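Read the structure below first, then the notes.
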Amino acid sequence: MSDGQADLGVLGMGTMGANLALNFADNGAFTVALFNRTVAKAYGVRDDNPALAERLVPTDTIEQFISTLKSPRVVVLMVNAGQPVDEQMALVLPHLDKGDILIDAGNADFNDTVRRDAAVKDTGIHFVGMGVSGGEEGARHGPSIMVGGDEAVWERLKPLLEPISAKYDGTPCVDWLGTGGAGHFVKTIHNGIEYADMQMIAEIYGILRDGVGLKAGEMADIFADWNTRGLSSYLVEISAVTLAETDPETGKPMVDVIVDEAGQKGTGRWSVIEAQKLGIGATTLEAAVSARGISSRRSERAEAAKLFGAVATARAEFHADADGLKELEAALETAKLIAYAQGYATMAEASKEFGWNLPLGEIARIWRAGCIIRSRFLDDITQAYEAGGGEVVNLLLAPSFKTLVEEGQASLRRVVAKAVLAGLPVPALSAALAYFDDYRRARGTTNLTQAQRDLFGAHTFKRLDREGTFHHKWPAVG
Ligand SMILES: NC(=O)C1=CN([C@@H]2O[C@H](COP(=O)(O)OP(=O)(O)OC[C@H]3O[C@@H](n4cnc5c(N)ncnc54)[C@H](OP(=O)(O)O)[C@@H]3O)[C@@H](O)[C@H]2O)C=CC1
Ligand SMILES: O=C(CO)[C@H](O)[C@H](O)COP(=O)(O)O
């Protein structure tokens, strides 16, 4: 390949970068320059894909990688978040010129994206923080893509990104969402919702396994059935698939030989940190992140089980008959809506805080295919925003969800109550129910909190009967 012939370059030939490069070459018919810290991997991507080899250009050095690119250049970083991105930017930037575009397509903390964007601002080089969701399969065949940065740069990237993105009813699931870190912020919230969705599915799995006594194969059939109705989604679908899988070595259900310690590379944690900083109670997302943390303390849990495993609990009143399963299905569907409502409330507050004007209905639209949380439910959210003229104060208040919430909350309430009495952990499902009960209460209880704060800290309070802020002369307390 002579210099200046590649349409773009992908730096980072890991799970995502290699598959994204193949997608650009395949679905985009682009010529793609490849570079990787471990150089051999770039050649491996080409050599393992002979049908695309003529469009894949592995390179040995950053200099060769850059020289292979047409000008103005487009470089896509797909490396681990944090220091690796800064290291690779430091290597690449000196070789780029005004008008070139450098995209971080990994999962970045949006605060880092804002910092990196500012760092290149005066160079004339365009930095883009871009969220990519869909895992390995999505990267290869069509992810959902959430683009940040300057809108003018998005116009240049559209011809590159639309051919490789997932399609929903033929429409590309990629769009520009706002300036600076907007793309990475939305991806972070996507992952927070993903954590919540996965945790709530795990809690229902726990009820079926430990409360009803079902085997993995039986639960696979239940999730597969639920995947034909309102819960239809990638995560419910893969729950059925993973539960149906048999370990080839032992012949046991695969899930039964996997250690119950959840990993987390940080995106879910970022989502709840940002929600907290914005004053949004994303309690179901928080419960999901916390549950992963508790799961990682397996040896402590084993000790606690010896001490408290036999504490008196009520018999689990869950049944796998039609009514019992319908109750669990409705509970999960309702809790899912509440989790999405929290994620969306966080994005709405961030949009105001950072001046992004996030297209919240459009975000649901581009999440309908390609991404990990893709689901039929996102079509309902898209329609709720269309019905609301793009404005929805909170998904729980959207008219189209009123029936689902009214009827479903009863099932969620019964499931949480029965699980709690039976000692079955439902942190995310119960957080969803508590959020719903708190959100729908016109007269809450933080008036007492305000009184306490004013007594010990003179933090003042407002009164129901008049404007202003007040401090009361409380009795002295020892
Ligand atoms: N896996 C997934 O499902 C998804 C991942 N992402 C995000 O995409 C990004 C890449 O993830 P993924 O492909 O799964 O990760 P992998 O671990 O598969 O690949 C990591 C890549 O980063 C490179 N790398 C790591 N550290 C450095 C460094 N210090 N300097 C230079 N290169 C480095 C590796 O190079 P080398 O080969 O030399 O080690 C490798 O090419 C991450 O931000 C991830 O969060 C986003 C969506 C989905
Ligand atoms: O972004 C993703 C999916 O959309 C990645 O798979 C991410 O790694 C998932 O997060 P975690 O590793 O913390 O489970």
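Just so it is clear, glycine is given a Cβ too, placed from its N, Cα and C backbone atoms.
Copied over from TrEMBL:
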- K187: active site, proton acceptor (ACT_SITE)
- E194: active site, proton donor (ACT_SITE)
- G12, M13, G14, T15, M16, G17, N36, R37, T38, V79, N80, A81, N107: NADP(+) binding site (BINDING)
- N107, S133, G134, G135, H190, N191, Y195, K265, R292, R453, H459: substrate binding site (BINDING)
- 183-475: domain '6-phosphogluconate dehydrogenase C-terminal' (DOMAIN)
Recorded positions K187, Y195, R292, H459 vs N107 (NADP(+) binding site), shortest C-alpha separation belongs to K187
Using DSSP reduced to three states, classify R292 (substrate binding site) as helix, strand or coil.
-> helix
In the structure shown, which of the binding-site residues N36, T38, N107 has the fewest other Cβ atoms within 10 Å?
-> T38
Determine the minimum-neighbour residue: among K187, H190, R292, H459, listed as recorded positions, which Cβ has the fewest other Cβ atoms within 10 angstroms?
-> H459
Among G14, N36, N80, N107, G134, Y195, the binding-site residues in the record, which have a C-beta under 6 A from ligand 2?
-> N107
Report the recorded positions (M16, K187, H190) that meet this criterion: Cβ distance to the nearest atom of ligand 1 under 6 Å. Use sequence order and write none if nothing qualifies.
-> M16
Quick one: Cα separation, H190 (substrate binding site) versus M16 (NADP(+) binding site), in Å?
-> 17
Sparsest Cβ environment (other Cβ within 10 Å) among binding-site residues G14, G134 belongs to G14
Ordered by sequence, the long-range same-chain Cβ contacts of Y195 (substrate binding site) under 8 Å (at least 6 apart) are Q264, T267, G268, S271, L285, A288, V289, R292
If you rank the recorded positions M16, N80, E194 by how many other Cβ atoms lie within 10 Å of their Cβ, the lowest count goes to N80
